[in-house]
Each structure stands twice: as structure tokens, then as C-alpha cells.
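Participant: Please read through the structure below; I'll follow up with questions.
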Amino acid sequence: MNTFSQVWVFSDTPSRLPELMNGAQALANQINTFVLNDADGALAIQFGANHVWKLSGKPDDRMIEDYAGVMADTIRQHGADGLVLLPNTRRGKLLAAKLGYRLKAAVSNDASAVSVQDGKATVKHMVYGGLAIGEERIATPYAVLTISSGTFDAAQPDASRTGETHTVAWQAPAVAITRTATQARQSNSVDLDKARLVVSVGRGIGSKENIALAEQLCKAIGAELACSRPVAENEKWMEHERYVGISNLMLKPELYLAVGISGQIQHMVGANASQTIFAINKDKNAPIFQYADYGIVGDAVKILPALTAAFAR
């Protein structure tokens, strides 16, 4: 048996739902999708859900992962085994841990490939900081996986599909975190995993002010702006949501233009699936040139304005 009888899907990030649903179609005979509202439920059916389970009644001061109890109860009531697919977001991983405990299931994070043999999931994901690919065969009846972005192609909606909708009522967990206040986060983040063209800056750009040069190039060619982890986490020059690497974004654009990025393996794991990699770096021995299809050795502060001017003609 090369499929599960049932798969259960949930995404706290709507943009990740299409790829999870496409993976579900390949891995199971029946697809169940947990959603938070009617609009997401209708979309899930178009993506192939046989059953939609709308999570309802959570107080505004509680977290989404507090639905784990009723989700696990629903899963157990409809089969003695099954596969759970979640995005590898922070909230997805929190929910995976809670579901794994309640279902007595093995949990595997950041899956980059999933297959089913004899009713058991085999999962591949990066290990040793991206230096190798590990493979796990999950022996527990239930398997809970968080899926890396780009593991599956996005499912295409089909308005002719039909499915059944059910309601799952909130049940307060015995122990929970209560939100007492919220603060809006200033962020201009985009869905970088959907971008065709990406310009990504590293500390070699020199300063936060010089990032404007990369932004101008983005406008000229219609690209999205990303960065390396040190730019976001250490220097605080850009938002966390924009950094590319093994612990965050895994991109597959048509073009990845790396500006002032050294090319350490932890970063390149998130970029080396790009169709074309173009590197700009002052250091001719930078590791990035081992991955690049094209490269320029030189000062990005001088090269970026020249590229922008050339594309603007």
C-alpha cells in the first residue's frame, strides 16, 4: 500500500495550503482539511478536500494551537492511523508537537520529500546544518509532518469539486497560554516563495543604507527583495521574514541574484534550487561562486547602480 487511507491537512498560512493539498492528493485516498473559516473551507474543497472540518469557537485571547485537543480527537474518531500535514511555520511546528503528543505519533519537521510504503511514511529532510539529507521511516500509526515550502507543487483549484463540511467545536485545554495584548509588527513581508525573481543581500552590501541600491534594482526588473540570516538576525537591517536559509525560507525562483552573500551552506540550502544563480561579491574566493551560474567579482555598491541603469534603458 503506497498511500494512507486518510490524510489531515491544516495551514495557519493560507498561501501554503495549495502545496499541502497537492501533497495530500499524492499521499492518501481521502483528504480531510481543518480550516478556520468558511472561505478557506470552500477553497479547500476546490483543492481536493473530501471533508472540511471548520474549527469554531476559539476565544480571541487563545492561540490557534489550542485547537490541538479537538483536532486530535477528530482524527482518532475517523481512523486508527493517518498522516497529518502542516506547514513548517512556527505555529505549524507548535501544533505538530501538540498533535504528536496527543496522537502518540512520531513528528518529523521540515520534510523536503515524503513517500508512503506499506502504509508507513518515509520522510527526507536536511540534517547537519544542510550538509546531508536524512531519511526516516515512521513506524507509529499516525505520522505528523511539517512540510518545507516548495516540497510539493501547488494544487490548482477546481470549482466543480464537491465535499462535505463539518464543524469542530472549541474545547478549552486544561493548560493554555492566554494573550493579554497584541502589538502590530512593522513588516513589509511578501510571499517570497512565489517570486520569480529574487535579489538577496548579505552583509557584503556594507550598510543598511546601501540596501536601497538593491531595492532600486528590484523595481527595475520586477524582483522581490530577500536577505541572508546575518542581515536579518544580527544586523537587524531587514525583517526576519525575508531571510533565506535552512532555518527559514527555501526558494525556487527563476533567478536568484545574490549580492554580497558569502555563500555558506546554511544559506545556499535555501537558494540552490533556483533555476539560475547570479552572484556579486568582492571576494573572488567566496563560496557563492561555486554555486553561481554567473558571477561578477567587484563592489556591489558600484555594480548595482550600473545594473539598474542598464535595465532601465
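Placed from the backbone N, Cα and C atoms, the Cβ positions cover glycine too.
Swiss-Prot lists these features:
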- 255-283: FAD binding site (BINDING)
Participant: Counting other Cβ atoms within 10 Å of each residue's Cβ, which of the binding-site residues Leu255, Val259 comes out lowest?
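Facilitator: Candidates: the binding-site residues Leu255, Val259. Fewest Cβ atoms within 10 Å: Leu255.
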Participant: Using all protein chains shown, find which of the binding-site residues Gly263, Ala279 scores highest when you count other CB atoms within 10 A of its CB.
Facilitator: Ala279
Participant: Does DSSP give Gln275 (FAD binding site) helix, strand or coil?
Facilitator: coil
